[in-house]
Ligand SMILES: [Zn+2]
Ligand SMILES: [Zn+2]
């Protein structure tokens, strides 16, 4: 008896999910088995689960994971049409009428290109400056790839309004927020221009805990512009919450969908933003705050810990990479001004994953995405870039460095490391191995280098770890900007300058 009551309660929750997210029509109060099965199949298709029509444990887990509160409409037909348009080059040329609307009136658009927005209230544990910046960056993500232009409205009316609410907030019982987890936010299609965020979530802009407000805002903005959920797993418009990584934020499907509604950028070309875009924007903002407060000598941008890669060449010159720029620090500690990457290394892409100088062949190796570049001086070697897969290496490594004791290049990725033989240009047998071999070295380092002092240095955000190859373990750690003078971030304090005088 209690079993069947439990089952009824469970069924009720699942039916609730399928109705709430648009898989079952909410006008009918009973659904026959075939309808439910079809709804479950639709849900499984969009969620990249085996399409069985059965409510198995994977399907139930997926239903319980954090997601956007907007219905999953549009479905297979609209998506298939978009795929077609991408491959036939028919983007933005009519075809709108082919979209099959299953239930509600969606797929509307704004009939102007210049839109204003405003943040109506603020989340509890984040300050206004960074939130405002994150929202601006999220709008930029879309204006960079479409014909739209956004502007923050001060007081008064705005086309798109973003607000934080708790629980029931007057847009229907189905839209009531559910506390931490579950539905994180929802938004309305044009031209209502509203995006609502669950005040009860733990919102964050940098940490790993909580939900990234920048990503969720960028997704909800997509809805306010008329985009539906995408079945493409890596799409920003996929309904499920994703972690912010280093890869490009928009997938081809997101770009196809926005350009179908608003066309391509009227000036310049499509500019794609990588996952680090917000970190950089945040950092530049912090720097501008610093300089307006007149806190002393301006340090290079990378000094607060945000860089893509670091290495040291045979002259003991440190090279530090960030976005489309790099800096050099001479062995005497003189820092260059920022230099565009392509000025020294033609064809090198923006925002590399890792860089390493090899004293063996005096060449510089760069890693980015699925490829590897090798330069002799400023010349790209023939047959490069190569695919990392062909060398037996992973894509998007965390960091890379030349390791004297082995005479090979080491490539870190997540919890494993690879050993690249620079003569054969192939990964050594018996690798990858566990990172635990490097006793004390943290996972997820953003850079590493072999110093001419014989030791290795690993960097992750503001911290560094020194690894002694003789002792085969980490022997020191601290804040690198203050402690490692050769990084060029050592600030001369007034006291020290007095001493010199
Ligand atoms: Zn959504
Ligand atoms: Zn709402």
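Backbone N, Cα and C atoms are what each Cβ position is placed from, and that goes for glycine too.
Of the residues proposed, 68, 191, 303, the one TrEMBL records at the same Zn(2+) 2 site as 219, 223, 229, 237 is 68. Together with 169, 171, 196, the Zn(2+) 1 site in TrEMBL holds one more listed residue from 186, 211, which is 186. Binding of Ca(2+) 5 is attributed by TrEMBL to 310, 400, and within the candidate set 351, 355, 436 the record adds 355 to that site. Under the three-state DSSP scheme, residue 220 (active site) falls in the helix class. In sequence order, 68, 70, 186, 187, 188, 189, 195 are the residues near residue 223 (Zn(2+) 2 binding site), counting only same-chain partners six or more apart with C-beta under 8 A. The average pLDDT computed for the repeat 'Hemopexin' (349-395) is 93. Counting in whole angstrom, residue 201 (Ca(2+) 3 binding site) lies 15 from residue 220 (active site) by their C-alpha atoms. The Cβ of 178 has fewer other Cβ atoms within 10 Å than any other of the recorded positions 178, 198, 220, 308. Proximity to ligand 1 at the level of Cβ atoms, with a cut-off under 6 angstroms, picks out 68 from the binding-site residues 68, 159, 178, 179, 355, 400.
Here the candidates are the binding-site residues 159, 219, 308, 310, 355, and by Cα distance the one nearest residue 179 (Ca(2+) 3 binding site) turns out to be 219.
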